[in-house]
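Here is what TrEMBL records for this protein:
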| type | residues | note |
| --- | --- | --- |
| DOMAIN | 1-52 | domain 'Pop1 N-terminal' |
| DOMAIN | 406-497 | domain 'POPLD' |
| COMPBIAS | 511-527 | compositional bias 'Basic and acidic residues' |
| REGION | 511-530 | region 'Disordered' |
| DOMAIN | 637-806 | domain 'POP1 C-terminal' |
| COMPBIAS | 693-707 | compositional bias 'Basic and acidic residues' |
| REGION | 693-718 | region 'Disordered' |
Amino acid sequence: IWHAKRFHMVKKWGYCLGDSPTEKSYRACYRAMTKHCLLQDLSYYCCLELTGKENELLKQLARICSIDTGLTFEEACCLSGRFEGSLNLYRADRYPEDMLGPVTFIWKPRDGSEKRQLWIWMHPALKQDILRELKAIFHCSEPEEIYIPEPATTSIQEEKQMDVVLSLGKKRKKEDKEGEEAVPVKKIIGDGTRDPFQSYSWISQTTGTVISDRSMEILRYRLIGPLSHSVLTETLKAASLQTEMMDSETELNNWWVENCKDSEKVSVHQRQSAIFELLEGINSPSEMPPGTILGLTVGDPRVNLPKKKTKAIPDFEKYQDNDKVRQLYLEGVPVDCAHSFIWDQDICKNVTENKISEQDLNHMRAQLLVPGSHLDLGPCESKIPILLVQQPGKMTGEDRPGWGSGWDIYLPKGWGMAFWIPFIYRGVRVGGLQEALKHSEYQRTPHTPNDFPDCQAGMQFAKELETSLLEKFKRHPPAKRANYVKLGTLSPFVCPWGQLTKNWEGRMKASGEFEHPSSPRPERCATEGHSFCDPTAEVVKEASPETGEVEETMEIASSEGVLKTEDVTGTQDFGERDEAMTSDFIVLRSEKLLMQLSAWCYPTAGKDRRVRLISRLGQKEMSEDVFLPVLMRYPRALVWVNLSLLRKGNPELHAMICIPTEDDLQHLSKDRLFCGPQEPKHRDIFKHKVQKLKEEKKKKDSAKALESDSPSVPDKETTEEHEGLVLGLWSGALPDVTSHCSRALLGYVTRGDFSLAAGCGEALGFVSLTGLLYMLHNQPADKKGLVLLRTPASLQYRFARLRIEV
């Protein structure tokens, strides 16, 4: 409800989420991420809890991840419970194919028992696939307990209130004896990613491993920015110790009293409080070790509300030259301080059910002798277990290290608004889904599920995006929209990744460079007498950069031959193109190979040379002996890249990444102000068919109107054929996407915009691994990594620098 009053809302993944603020705040949100603090509600993320023996858990979890991509569940620092880990999941024993999606995970610190607890956090679009795979590998078929929702009965108290509401013109206080106290109790139910009648916990009969769905049981907020720790330290105060119950009848804080009687737990709480206070003395969360976990029990944050909105500012003088702060930088949080009572479901349930209501809190404030003074609840104050997890921010590349760092805070359900409003009062700015998208864009990291084309959620997102863009395109009349056929844009609304990788593999086979990868041999393929050549498209005439004149037509060549107007058949059925998206391709995520490619993308001569980079990273020089085995192993692979425009230009969604010709590079060397070549205008080979169908339809309609006065019903076959053809879009199966235009297509942009962080146009996307190696092999040493970008609705190419950050 808080978001609904201040945000544009969207329905996604079973939830109603805030997309972007209604006020103008695009630059303000960027400033908050860079200089102060941005707050996001990530409670819609899903949590799966695994409980079982450590060896059994690790044995099965090792099947769905790979050490080739980085961390695994067995990483020692994460296994101890000190740090949060992140990795990509695949179907069991299927790496590098069948991607499930990216997840983060937290192990509960060891407490002496054999059983361990593990939280796996994921995007709601990935939950069903990952849950299905986990149930399969652990053989958890039978539900441990079945959730039966309470029947929707209305209490006598609620019925009375309904009667009062229905009787217009009467005040509730006069009719109801209880007056203001007669407020219906909030029921905390529901999760948008599952049916309430389904089970939420499954057990394995063989190993005893339990998988529990904790979605919406744990709330999650994210604070982004250099002062996010200042917001935390001002808003939250460590809970005071309590050894006696105030009232034997109530269960409020009874768990806390029991734990305070244990001297070891009291000692841990005091050390956690001391570390939490030290956070005020650090400049930025990025100074902490990445993924640091700090457990804590705090008091009710509603008690510490300031009189008016303030901006949280750190007090550096308080902890200047402090040895303890330096020790925290170097060593991080000890293992025992990472423990939190939030892992215990019974404690979380107790904390949720015994929360003091806002109404009772306001009554206590009204009874203060000095209005506005601090409200001391004493033993009645709730104690809430939380978990703080550091987010490292930008960790790849050389520019802006640590940008976008912050803290995630995990809370028991029911306490969302009690923490949200105090955060707002500390001057944070609130962001929605669009701000989260920008946050990952400036960090140059893939966003879930947009930038994961090899998993089911990414494919579903691409289909939905294509449908919405196509509908928007059709709403405009032909004269007011782009003709993508004339612009040489084959697929303006979706990226045909499968066809892109398939076409590049075909080009290399046609050049005789390497044999079919289905029968790979350990020894290098014979390359004598062959060159890494490129069968390019036949261009009739190209625009001269000096005059800017563009030829009206261009012969459209494909691997099968030149397409003529008479031979074009088929309808514009976008469902037929699913094969182009879901073909057998993978996204390369091997850290070793990506570091090798990253080193090759830098110029080794000229002004921007990186001579020492390859030797410093221990990488090999680029030669056929090195990259041919990679091509044989990954013939259809995509690589995640980021691009920065050299001069003017603003990259857009689905912009084409192309390979510049030798003439383009020579022209750029001679003229530094050269912005890029132009694509010759293509001929619309479908225009006459669209016009012909329209004329036929008009004739039939007029003939039927003359025959009878009854409303005319157009011929079904003609209507379907007519609807299939859309003026300005390519109809039927796509030709060779790599050689359709004058510049060979390398890949597509999935996100692009003017970057406030870099001060120029930046784009993120995927390129074909085969095409990338071909381009780098043929480019001169001082021009390595230079590509051309062209937006779907333009003929202008612009130069950009391609980089792979690992």
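Placed from the backbone N, Cα and C atoms, the Cβ positions cover glycine too.
Per-residue confidence over the domain 'POP1 C-terminal' (637-806) averages 86 (mean pLDDT, predicted model). Per DSSP, the secondary structure of the domain 'POPLD' (406-497) breaks down as 44 helix, 10 strand, 38 coil. With DSSP classes pooled into helix, strand and coil, the tally for the compositional bias 'Basic and acidic residues' (693-707) is 15 helix, 0 strand, 0 coil. Look at the domain 'Pop1 N-terminal' (1-52): DSSP puts its residues at 15 helix, 24 strand, 13 coil.
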